[in-house]
Amino acid sequence: MDPVLRGEGVRPGKNRIHAFYRSSLFNAIIVGLVSFTQPGIWTALSSLGAGGLATPFFANAANVITFAIMVFMSPVFAVLGNRWSLKWVLVIGTLGYAPFSASLYANSVYGTQWFMLFGAATCGFSAAALWVSEAAIGVGYPEEHRKGVYRAPFPLPIIPPTYLIAIWFALNKIGSIIGTSIELALNLDDNQQGSISPKTYLVLIALQCLGLPLSLLISPIDKLIRTDGTKPTQPPRTTLREGFHRFWLVCKRPEIAVLVPIFLTSQWAQTYEGNYLTAYFTVRARALAAFIITWVGLAINLLLGYLLDNTRLIGPRSTRARSTWILIVLMYTITYVYNIVVQVEYQKPNPTFDITDAGFGKAVAVYCIFFIPYNAFAVWGYWVLGCFDSRIENLTFSTALLRGGESLASTISYGLGASENVSLLTNLLVAAVLFWISVPSTTWSAWRVGEGGLDGSVDGESQRGSRDGGGGGGGGGGADSDGNGDDSGESVQRVEVQVKGEGK
């Protein structure tokens, strides 16, 4: 056992506190809480449709600015995060969300539109920084070589490693739960269509201001304490030019590049869902629907985390990747077909539903069901990414690539959603077709999970490892006899991988 875990030379009480503070579990909780206060609250407002405003068109136009900035800034922050520190990139990611929420308040109360454009820009820069850094920390900090459970150096509940990713997503959902609870409480008496109560924004802005102090609690890579004694590979401090070159090399890895379409399409339909909610529901019905989907998301995040980590129930890593992907495809297909049928039904009468109306259950169900496969894919996508490469540098680059794809999709889809000439049915059909187009490439990538010897290095050299050395291929573990990543936990990677031409 690692000396720090035995407490050699350190008082037991102090060692326990220090080990927990520097543990991957604590960092997963903190990055989850930061996600709770920033995109979690943003999602709570977005779940209302139009950011809680009466009509979606100007809010969608502002979102175009946000996501267009993210397309270009995600790779930049990935390079800066590797050159300096993911922690400080995460800190930057907490600065721009509150101004956007404040701009929604100013627009709702005073009709100020220029502030929304400014807030959308600050949100774009911060979101690019936060999306890249939180994903790299959430996927790259947890231990790799275990039997599928997280064991703390002192008594704590047993937490599977994929649960650390699920904790990150789940805490984001808790932020949305708190946000939507506030929205529902403050708008429960509003049975008309329109914008939410302005007081709602003030409470949510206060919660977003907690993100900055929370982000300062994240441990730098070199101070992280893993329970298996390993350390994440410290990214080399390259020049900016070399950093972008390394980013391009990661972009060319086929098993990662083919995931871009599914990450792109997974975000596309959110514009339709937001416009659907605004078009057909009263304010309090929108608040209730937003509240319901956050609970759906929380449950699905934790359930997928459990399934992806359960070797006894499903089997080796390759089987888990393939079976859960097939399940996600089936759920998405059923969801899109049901959405299309209901949307065709609502096209001509253009109904409005309140929570007491007879058709409310059916109308809100089609909205909520969409978020089952949406949240399932969120956990699956980043779990698969961690299977291909567990090193912080490459994870930062690959998450920047995939987050950039998500942002590009959101930019285009919100652009369509900002036009009154594009019908809801057209928006939905485009989202469905794009999803089905992305299925073959994602299936190919899912079938690559578990293969030994994936090229996981940015310089084109495979990691070399052995059963007793523990270094594996890009999947972060040695290959077992079936070609699957080593889930046995018997081999522990204690040797840092050298990048070509540079030492640790």
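Glycine residues also receive a Cβ, built from the backbone N, Cα and C atoms like all the rest.
The transmembrane segment annotation in TrEMBL falls on one of the ranges 88-108, 256-276, namely 88-108.
Count of Cβ pairs under 8 Å against the transmembrane segment (24-45): among 57-81, 287-308, 323-342, 422-439, the largest is for 287-308. In this chain, the transmembrane segment (422-439) lies in contact with the transmembrane segment (323-342); the count of Cβ pairs under 8 Å, excluding pairs fewer than 6 apart in sequence, is at least 3. Panel annotation: around the transmembrane segment (88-108), residues 31, 34, 37-39, 41-42, 45, 51-53, 58-59, 62, 66, 77, 80-81, 115-116, 118-120, 122-134, 137, 195-196, 198, 201-202, 204-205, 208-209, 211-212, 214-216, 218 of the same chain, lying at least six beyond its termini, place a Cβ under 8 Å from a Cβ of the stretch. Same-chain residues lying 6+ beyond the ends of the transmembrane segment (202-221) with a Cβ under 8 Å from its Cβ atoms: 21-22, 26-27, 30-31, 33-34, 37-38, 41, 44-45, 85-87, 90-91, 93-95, 97-98, 101-102, 105, 137, 175, 178-179, 182, 186, 231-232, 234-235, 392. With a cut-off of 8 Å between Cβ atoms, the residues of this chain six or more beyond the transmembrane segment (363-385) that come close are 135, 138-139, 162, 165-166, 169, 173, 256, 259, 262-263, 266, 269-270, 273, 276-277, 280-281, 285, 288-289, 292-293, 296-297, 300-301, 303-305, 308, 321, 324-325, 327-328, 331-332, 335, 338-339, 342, 346, 351, 353, 395, 398-399, 402, 445-446, 449.
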